[in-house]
Structures are given as structure tokens and as C-alpha cells.
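S.K.: Pasting in a structure now, in C-alpha cells, and then I'll have a few things to ask.
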Amino acid sequence: MSSLEISSSCFNQETKLPLSLPLVEGSTFEPPGKDMNEVEEKSKDIIKFTSEKLSVDEVSQLVISPLCGAISLFVGTTRNNFEGKKVISLEYEAYLPMAENEIRKICSDMRQKWPVRHIAVFHRLGLVPVTEASVIIAVSSAHRAASLEAVSYAIDALKARVPIWKKEIYEESSSSWKRNKECFWATSD
């Protein structure tokens with residue numbers, strides 16, 4: 001008897017699961033080993049800065065857990081306009097040691113406020129063309145309320161605390177560095 005397989009890989013480990021399991025009439029399926037309620041899984045915080053294009057699928061796969069019924073995502077993309085000017089791309093720079101440290105603190109804050117399992121924060125550096133993602137935040141939790149609230153907190157905290165700078169590049173060959181209005185440590189002009 002042949003069965004279809006679904007293949008999933010994460011951290012260079014591949015797992016194959018049968019699409020459906022054959023059952024004898026009157027029998028029930030019980031997974032081998034531990035009861036599903038006894039599954040132990042270490043929580044993880046995954047932080048990445050890259051000049052490569054970001055993938056929503058890749059980031060969301062990193063936070064999947066058999067203990068979770070919810071994954072919430074925030075995807076920030078480059079829009080094509082600002083105050084009547086046509087934007088062709090954004091350019092991001094960061095002070096990486098401090099940026100990573102601040103994001104780790106944000107992850108810790110999230111864990112104190114909500115019962116979340118896994119957190120992934122990916123941020124693009126360099127040029128980000130219109131419609132492409134500049135930031136993806138994914139959070140998994142047992143229930144949706146925690147992951148939705150946590151992901152909203154994460155993007156607000158990231159914009160307020162993390163040293164990442166954005167330059168808007170306009171169609172008419174001009175550009176402008178932008179300050180996050182939420183950023184607590186930036187001085188006002």
C-alpha cells in the first residue's frame with residue numbers, strides 16, 4: 001500500500017509524515033512514545049538581519065510547534081509613496097550588536113507578558129524595493145490572543161527601541177533619511 005508524504009525541514013533536519021494513516025476498523029491511532037500533552041519543546045528566539053529577500057514562508061515555518069494552535073505574523077513592506085513623492089525603494093542600516101541585543105530584550109519582554117512558544121524576527125538591511133518585505137515578525141502560541149498581542153507589541157517595540165535607520169529613495173533621484181516617530185532615543189528637530 002502506498003501513501004503520500006508531506007516533507008518539512010527545519011534547521012537542516014528533515015521529517016516525513018504520512019498524509020493519512022491506515023487504520024483497522026475499530027482501532028485508534030496513538031503516536032509512538034510520549035502522550036501529545038507531554039511533548040517537551042524548548043522555546044526559541046530566532047533573530048536574523050540579512051541583505052537577502054525575506055520569505056514569509058521561511059519565517060513562519062521556524063515558529064511552528066505541535067503545542068501551538070496559533071501563529072501570528074507582521075510583515076512590513078515598502079510602499080510606493082510618501083507625502084506625494086514616488087518611493088522606489090527603502091535602504092536600511094543598523095548598528096547590529098545593539099540591534100540584536102535590543103531584539104533579544106524585546107523577546108524576553110514578550111515572554112514575560114504572554115505565554116508564547118517561539119519568536120522569529122527577521123529584518124532586511126540594504127535596499128528593499130517596493131512591495132518587498134523589510135521586516136517579518138512571527139510568534140506562535142497555544143491560542144491566538146497571546147500571539148496577536150505579542151506580535152503587535154514586537155513591531156511597536158522594535159520601532160521604538162532598535163537602532164535601525166531607514167532612507168527613502170524617490171523616483172526623482174532624491175532621498176531622505178527617516179526617523180521613527182516612535183523612537184524614544186532620537187532627538188526631535
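Along the chain as shown, residues are numbered 1 onward.
Including glycine, each Cβ sits where the backbone N, Cα and C put it.
Dumping what Swiss-Prot says about this protein:
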BINDING   His143, Arg144, Lys159, Lys166, Lys167, Glu168  substrate binding site
MOD_RES   Ser20  phosphoserine
S.K.: Tell me the coarse DSSP state (helix, strand, coil) of His143 (substrate binding site).
M.R.: coil
S.K.: With every protein chain in view, how many other Cβ atoms are within 10 Å of the Cβ of Arg144 (substrate binding site)?
M.R.: 13
S.K.: Using DSSP and collapsing to three states, where does Lys166 (substrate binding site) fall: helix, strand or coil?
M.R.: strand
S.K.: Using all protein chains in view, find how many other C-beta atoms are within 10 Å of the C-beta of Lys167 (substrate binding site).
M.R.: 14
S.K.: Can you tell me whether DSSP puts Lys159 (substrate binding site) in helix, strand or coil?
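M.R.: Lys159 (substrate binding site) sits in a helix per DSSP.
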